[in-house]
Every structure is written in structure tokens, then in C-alpha cells.
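Peer 1: One structure, pasted below without further comment.
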2 protein chains.
Amino acid sequence: MVAPLRLGLAGLGTVGIGVVKIVQRHADLITTRTGRPVVITAVSARDRQKNRDADLSAYAWETDPVALAQRDDVDVFIEVMGGHDGPARAATEAAIAAGKDVVTANKALLAHHGQALAEAAEAAGRVIRFEAAVAGGIPVIKALTEGLAANGIKRVMGVMNGTCNYILTRMQSAGLPYEVVFEEARQLGYLEADPNLDVGGIDAGHKLSLLAAIAFGTKVSFDAVELEGIGAVSIDDIRHAEDMGYRIKLLGVAQLSGRGLEQRMTPCLVPSASPLGQLQGGTNMVVLEGDSVGQIVLRGPGAGEGPTASAVMADVLDIARGIRLPTFGQPAATLATPIAAKSATPAPYYLRMTLLDKPGALAKIATCLGEAGISIDQMRQINQPGDEDDDAIVLFVTHKAAPADISHALSHFAATGVLVGDPVAIRIEEV
Amino acid sequence: MVAPLRLGLAGLGTVGIGVVKIVQRHADLITTRTGRPVVITAVSARDRQKNRDADLSAYAWETDPVALAQRDDVDVFIEVMGGHDGPARAATEAAIAAGKDVVTANKALLAHHGQALAEAAEAAGRVIRFEAAVAGGIPVIKALTEGLAANGIKRVMGVMNGTCNYILTRMQSAGLPYEVVFEEARQLGYLEADPNLDVGGIDAGHKLSLLAAIAFGTKVSFDAVELEGIGAVSIDDIRHAEDMGYRIKLLGVAQLSGRGLEQRMTPCLVPSASPLGQLQGGTNMVVLEGDSVGQIVLRGPGAGEGPTASAVMADVLDIARGIRLPTFGQPAATLATPIAAKSATPAPYYLRMTLLDKPGALAKIATCLGEAGISIDQMRQINQPGDEDDDAIVLFVTHKAAPADISHALSHFAATGVLVGDPVAIRIEEV
């Protein structure tokens, strides 16, 4: 029998305890599948006294995760503490410096420091694995890095924040405004301590930047993700979109244009009948498009003890089996695809605006669109029952238009003097 | 630069040419991702003169795939000829004996000889990889073997024959009977030369048996798959199922019961709103359920040049990267989970029958069900407009019942003397 693979587990929250349970429950299964026992030797967490749902008595305790990462009896350092600086970063760096492999669920850490960590790990001959950092239990890092390795990747899309998808689908099904559902989600414990990580799209943007690095051979570039959260999505737009056969999702999209990698994490309309459109509640979905394989859709739980621990342990089992790849699927030094300053890929857009009841109002708007080179695929005027004035809501679905042309048209709407309030423009991602 | 990985490609049909195109188009990408050039050195096919959509002039030609498999300048033997005996088997065995790794798209070969081939490969220190053999471009073998390796697998389900799903969804959408759509599919070239491989469920059964071996640690046991094709699925049942919120799919299910592994490839009802129910046309879907991860759904193209070649090349890239696992994810000698003689896992059933217009007819049927221990969840009686006699179609959805109890009840229906024709019973798989 070969020597066991020894794990040092930093973080004993939900995910950490999930890892403990798998290691304990499936010791035999893991040994059969990897040919090598996998054991936990030491753990760390802030509060040793806290009551936890697992028997930790056999494991050495470290208060400091850096000390854990440096222990001689640890081969793989598992970081499930979270936080993109502070102890998580220090301990991960210490682990690599001490010659340990690293498995992490920490998307923020890698989104901010992934390139430097990957370079350090590769220089030290160690691996950093992060299946759990993206889309929870869905083995999407593996599918993209290995399963689709022979493809030029054309586009990666994903609904990767379950809380946002819960809020948007609940708004739709219950007909409730954002603020009400946000409060529901808070009370249900679905939101991060800083809710903007969820509803601001930051958490999902972190994940997108990691997928994009693998898919397109770029350095992780979270700062280049065009981020827009769901706070401005109105129940009106959800309803109008549904009437026209679309649903609104916080959708991440990464693709190459002539100017380099584009990354967006923004509300988008997607066809209601598409797999993305059908996705309800907290479930995650990632869509991978390759030049040979076409479109692959992966769907599953994006969070929670079991799913996230499953992903952490998949990485551990890979290490036990001797599977060793560069962090982002190719050597960090070769990650060189340029990043586009701003999205330029055309798409249809959904536009909503309220027009004053003035002669020629619609013509003025249509002229703005025409002058920006935008042609109209569908137009609907909606009379508001019970509305005392005669202002009209007008919806457009445009043909494909460049984002800059949409911005240009919107900036000229104001000068027409026929709009009430601000117009809304939401990209329609063709899926 | 390390030495290139040299491929010998046996079979120059659709998939083989797809492999050639990827190797030629993505030489740089592959080298970047694997750290090693991947080249084709030699090919074989029956007809050298045939006009093919690729430049093969740089490759040595072998008429005999066995000779190809034994060439000194081949490291990996790629078998995309097909057929579960004959040249495919002989060449695969020769490749292993000659110390080559094997990548195959041949589900029939592995379903029939997988255990012996796996044992031979492992004894020789070689690998056999077969991502392309199951669900085309979907990286499901990898997701199951590696991505979900830390899970006890609870159930594997799949719609894995695109032709059958095309036929069933076309019947539904066009309201056409099986025979008409079968003929359409034949004319569109969707059917194998022996259509029973498709519509008899054999092809999909092969795939299920391979997934089951990995998921549950059994020897591949295609002979133990309960097979039922789609030839008896009637447009009436498709319509009635739709009315009750279900769709009919040729669904593979593998799961453990107390008596061992159960494998079924049969028409099933699934909820219309589920991912499986939503699956239209030739697309494939595999559902993996693990004790930690919960439910993962994978969707993508199940056939075709690009998708299948993508999967073949994923295996090649794994080998180039040094990823080497036992064929079925654990050593072939440890594949020992018992196989159940027959499915015993209870499920709800859909029952359709035509009752004579006799007093007490329904009571007699209900008595048969009750005596078999089957309770009824829903019952509908449908009057047939324009039907001159007053026979009635009666539909039942039962509560969960054991397959043996359903068989028992059906066998007693005949003696009641109140049925017109044979009753139909279709399992409802809860997804």
C-alpha cells in the first residue's frame, strides 16, 4: 500500500465540515478509486470551542492556518476559509512555499491573485486546484480544462450565483419587486454578509474570470469584467421580457472578439425555452461552446456543504491519482491572450422607455436609433390601464447592435425631450 | 521540447476525419495545453482511394488496423472503426499487447469485452480511454470518473441515443405515429444500418452499461441491462402523458438496490418540466446523482464529427498530459459489485387500457391493482369522440409500486374479461 495522502484543512465552516464527512464516510471508496488512502492530519479554524457537526478528535489542531500549511505531515493544503487577502492568502502562499499542493474553494483569492499564485505553484512544482471555486458541485473546471481541451473555446456563459438567480426567478414567479425579494433572501440566509458580493455580481464575476482564463489562455482579469448587478432589474422588465419569450438572468459571458477577451457579468435576456431560461432558483448552469464540440450545458447545485465539498474532494482525489496540471490548464507564463478594453460584440438589445403623449415622439426615438445604425426587430407599445396621463411604454427588440451604438443612441434619447425618466437597455444573449 | 505523442488512427469515417482536423487545426493549442506536440503518424481504413475531407498525405497508410496498432512509431492507438468484434477488437487487443495506449469511440466493443480489455491494459500498464463512446461530445466519463469521484453514486440516468429522442420528440410535436417518423428518420440518415441498434435501445444500453461500471464499481454487464426499445411507444401514450405533465423518453437508469446493480434502458415517463423532459431532438443528456453533490445534469451533442472527435481528442490530450487512470476508474480486478437479476426498485407507473362498457369493469381492474398491493394516485377515463361502441380508455398513474407487482397485476387483468386489447404500462422515473 502506498503512503496515505495527508490533508491539512483550513476552515471548518460548512464546506470544511463537508470535507471531513466525505473523508470519514468514503475512506474505502476513495482508496479503491485512487489506490491510495486519503486522510486528514490537521485542521485549523478561528474558534476551537465551536460546536461542529463532525468528530475532529483525531486531527491535530492549529490556530494559525499558516502553521497548518507548513506542517510536515500535510501533503495537500485545503483552503476553505474564504477572503481574498489576509489569512487565506498568507496560508496559501505559505503552503506553496512549503512544497504543498493546494486545493481551494476561494474564488476571490484566485480572481485577485490567481496569476501570481499559479506562477509560484508552477515554479515550486506544486498544483493549485479550485473546482469548488466555480459553480459549486458542477465539475466545470474539469470539463473545460480537460474535457474540452481539444477545442478552441468560442464562448463561456454561466449563471453562477444562486442567490441572484433565486431573486430573479422569485420576482418573476411571485410578481414581487426586487426590494421585497431581496429582503426575503436576506431573511432566508441566502445573502453574503456583504450582499453586494452576490447582487452586485462580484462573486459571479470572480468565477467568470477564472473560467475565462482557462478557456481563452488569459491571465485572470477580474478587473476587466464588465460588472452590473441585479439591483436595477425591475419587475416590469421581467414581465415584459416574459411576454416576448425571454427571461432575465444575471449571466456571465466570456468570448473573444478581434480586440481580445470580453468578459461581462450583467443582467441579460435569454430565451425562456433555452436551458438558461429554464433555470429556476438557486441552481447554477454553465454553458461551454467549443469549435468542435458545439454547445455543452452543465447544471447543478452551485453551493452548499455537500456539493462544494464534493468539488474540493474531486481535486484531492485527482492529486491522489497523480493528475497534475497547470493551474489554468496551461503554464502560467503562457497566459497571454489580450483583454479587450470594453465589449464590442454585437447583440440584440431589449429597450424599454416611457414616451410622452406628443405627436412625433416615437419618430424621434426611431430616428435616434436609425442614426446610431440600429435597426428594429420588434416594437410594442403598451398602454397602461388606469394611468391618468397618456404616456406610453414602448418596448423595442433591436437587431444585433454594437454596445457602443446602443450607448450612443441612449445618450441621444435625452435630447429628444420625449422621454419620461431614463430608458432601460438590456442585452439579449443569443444562446 | 519533449517528444511528440504519436497517434495511429484506425478508421477514417466521420469521426476519424474529425480527429484529423483537430490535430491539424489545433497543433499549437494542443502543444500549449499539454506541453507536448501531438501528431498523427499513421492511419488505416478499408478503402484508400475514397475521397476524404482532409489531407492525409503526411501519414503512413496501413491496410490492416492490427499492423497499424503494432507500429513502432505509434504511441496511442485510436480506434474509431466500430463493431464489437472483428478488426476493431483484434486491433485493440494487438495495440495493448504491443504496449500502446488506446482511445476508442467503440461502445459496443467495450460493452461486450470491456472487462477483459481493461484487465489486459492494466496488466500491460496501458490505458484504455473511451470518452467518445458515451454521449458523444459530453465529457461524462470524465465527470463521473473524476469530477464526482468523491461521491457514492446513487443513480445515473441518460438519454443517450439521439435518434430515439428525435423520433419521440418528433412524434410528439407533429402528432405522427411511430412508423411514419421512423421512416422520416431513415430517410434523413439518422438510423444505423441495423436500426434496431438505435430503436431497440441496444446502442444506448451499451453506453449505460459503461457508465454503470464506473459509477458502481461493477464489471461491465451489458447482458444484464433490461432493454426495451421505442417501437411500441404509441402516439396515444405520448399525448396522454403530455396531458398529465409527462414526456416519454428512452431513458437509461442505473442504480443500486439491495440486491445489486439495476440497469434499465426502457421508455419512461419523466416530468415535462424537468431537464430530461425538456430535451428535444437529437441532443443527449446524462444525469448523475451523488451522495454529496446531489444532481448534476450534462447536456450536449451525442454524435457527429466535431463532438465525437472532441471527445476522442480529450482522451488523447489527457494521455499527453500524463493522466492515467484504470479503464473504469478503479482497478479492473476490484470491479465486484453484484448485478441484480431484475429491477426491483419501486416507481410510479403509467397504465393505459381500454375497458369494455360493462358494469363493474373498472371495479374489476381496481381490484386487480389492489390485490397486487398497488395504490392509485390518479385515474382518468377518456371518452373517445366518434367511437361507436362505448369502450372507454382508462389511464392510471399509480403510487410507487414494485415492477413485479405491476407485472402481477397486468397478468391478472386478462382474466377479468373486461379489457379490449393489451394494457400498456410505462414506468415513471422520478427525476
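Any Cβ shown, glycine's included, is placed from N, Cα and C.
So TrEMBL has the following annotated:
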| type | residues | note |
| --- | --- | --- |
| ACT_SITE | B:K207 | active site, proton donor |
| BINDING | B:K107 | NADPH binding site |
| BINDING | B:E192 | L-homoserine binding site |
| DOMAIN | B:350-427 | domain 'ACT' |
Peer 1: How big is the gap, in Å, between the Cα of the residue listed as 'active site, proton donor' and that of B:K107 (NADPH binding site), rounded to a whole number?
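Peer 2: Computed Cα spacing between the residue listed as 'active site, proton donor' and B:K107 (NADPH binding site) is 6 Å.
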Peer 1: Under a three-state reading of DSSP, tell me whether B:E192 (L-homoserine binding site) is helix, strand or coil.
Peer 2: coil
Peer 1: Minimum Cβ neighbour count within 10 Å among the recorded positions B:K107, B:K207: which residue?
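Peer 2: Comparing Cβ neighbours within 10 Å for the recorded positions B:K107, B:K207, B:K107 has the fewest.
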Peer 1: How many of the residues that make up the domain 'ACT' (B:350-427) does DSSP mark as helix, as strand and as coil?
Peer 2: 25 helix, 30 strand, 23 coil
Peer 1: Do you know the mean pLDDT across the domain 'ACT' (B:350-427)?
Peer 2: 91
Peer 1: Validating a neighbour-count step here. Other CB atoms within 10 A of the CB of B:E192 (L-homoserine binding site): how many?
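Peer 2: I count 15 other Cβ atoms within 10 Å of it.
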Peer 1: Any idea what the Cα distance is from the residue listed as 'NADPH binding site' over to B:E192 (L-homoserine binding site), rounded to a whole Å?
Peer 2: 14
